[in-house]
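One structure is given below, encoded as structure tokens.
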Amino acid sequence: MSLWINGEWTTGQGEALEKRDPVGSGLLWQGHAADDAQVQAACAAARAAFPAWAKRPFADRQAIAEKFAALLEANKTELTRIIALETSKPRWEAATEVTAMINKVGISLKAYQTRTGEQHSPMPDGAATLRHRPHGVLAVFGPYNFPGHLPNGHIVPALLAGNTLVFKPSELTPHTGEAVMKLWEQAGLPAGVLNLVQGARATGQALSARPELDGLLFTGSAGTGYQLHRQLAGQPEKILALEMGGNNPLIVEDPDDIDGAVHLAIQSAFITAGQRCTCARRLLVKRGAAGDAFLARLVEIAGRLRPDRWDAEPQPFMGGLISAQAAERVLEAWQGHLSRGGKPLLTPALVQAGSSLLTPGIIELTGVRDVPDEEVFGPLLGVWRYDDFDEAITLANATRYGLSCGLISPVREKFDQLLLEARAGIVNWNKPLTGAASTAPFGGVGASGNHRPSAWYAADYCAWPMASLESPTFALPQTLNPGLDFSGKEQA
């Protein structure tokens, strides 16, 4: 039984689903998708549970979220294993994901109070008060690259705000979604407050079309995000939060520490096997001896990376991609770059046939025409050379996306210029593109999404503001507006 609807585990009535080990192809999980009737039942359960949940004291909702965090800590080893197996990321990295899930509860509590709590402003004859109210029933669509952490970043703040939810994890990581839901169950969530529906595209389309929804929180590809935007067009009453991908540039300008710069580039491009939305896809390197030395060292160090199983010892830097099919798509993109005239610097290769273990690829694309402005979700890095910093910024902004952008340079003035001219939601200096602060907003512009539905600003998407002018008493003003006459006796 893989669905959790109205406080009960049940078997899906839709198509059969299974999850296999991306590296070894062994069966990890099997179940069935929710059919349309079960999606409707999940939304109806969330709608029925909303009034009571929204009216519960905030302290009650906080206590359940904190119990969930404690359960994550108690079950960290097992949840780490499940995430690592499903995604094929190394154990060390899966463990950091669970830690991020635990920390998200405290961060969300602080963000709720800071960004969406009550604010009172005194007035001469009363007070102005800002309060926030939950939207109602929200759908949460989770991605596969961080199947615990990223949906958690929507679920926790949404529940704290008083919303009820229907959660659809990625069909590529159903086991993680089920395992996390069982911890919420143990934390004591009332029936219907959080519901789980498994499934692929058909389930997602059925869920996003439900009239019971007051909003949808999505993390995933730009293609799916655009489809959801079209589907909800003409429904301004529904909140739609889209956190999508990026074709992210990393500029390298005369680094004074070659190995330090190479380390930042590898962390930016190849961590999580290149499956982070903030990963560097385009490396912009200044022409000259320093740039040549940097590139040569990058190719050398990246060539030493050996992807391996999640539980291999010693632990690898990279695991595999989410599936063998995903690895093949990266290789197809590589071949496309070659066919357009790209110069291979480091050729990617499968560690074993039929596996998702793929070594990094680096290809120079300077002067190559018609390079697709698409996010290749894997360990593939394109290189462009430039002559001056203005050209670098022009290249960096030459994308429909706008998620992350970074600069490796000892010169602060270069970063100041980039801050003014970059079109990206995250702009880092001498830090990995994949680095983000939990106390800062996360998101981008353009095809990367509608601004900041994640991290510190997630609370903004989970509640709407209510403004009030308040006074415990009232009386006839001494000075009246023109045309008002209160003279004579009071009318009986």
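Here the Cβ of each residue, glycine as well, is placed from N, Cα and C on the backbone.
Listed in Swiss-Prot for this protein:
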{"type": "ACT_SITE", "residues": "GLU243", "note": "active site"}
{"type": "ACT_SITE", "residues": "CYS277", "note": "active site"}
{"type": "BINDING", "residues": "GLY220, SER221, ALA222, GLY223, THR224, GLY225", "note": "NAD(+) binding site"}
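Taking the features listed in Swiss-Prot, we show where each one sits on the structure.
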residue: GLY220; record: NAD(+) binding site; Cβ contacts under 8 Å, 6 or more apart: PHE141, PRO143, SER170, GLU243, MET244
residue: SER221; record: NAD(+) binding site; Cβ contacts under 8 Å, 6 or more apart: MET244, GLY245, GLU375, PHE377
residue: ALA222; record: NAD(+) binding site; Cβ contacts under 8 Å, 6 or more apart: MET244, GLY245, GLU375, TYR401, ALA447, SER448
residue: GLY223; record: NAD(+) binding site; Cβ contacts under 8 Å, 6 or more apart: none
residue: THR224; record: NAD(+) binding site; Cβ contacts under 8 Å, 6 or more apart: PHE141, GLY204, PHE218
residue: GLY225; record: NAD(+) binding site; Cβ contacts under 8 Å, 6 or more apart: PHE218, LEU242, MET244, GLY449
residue: CYS277; record: active site; Cβ contacts under 8 Å, 6 or more apart: ASN145, GLU243, MET244, GLY245, GLY246, GLU375, LEU403, SER448
Could you name the residues, excluding GLY220, SER221, ALA222, GLY223, THR224, GLY225, of the same chain that surround the NAD(+) site, i.e. Cβ within 8 Å of the Cβ centre of those residues, in sequence order? PHE218, TYR226, GLN227, MET244, GLY245
Specify the secondary structure state of SER221 (NAD(+) binding site) as given by DSSP, simplified to three classes. coil
Secondary structure at CYS277 (active site), reduced by DSSP to three states: coil
Under DSSP, is GLU243 (active site) part of a helix or a strand, or is it coil? strand
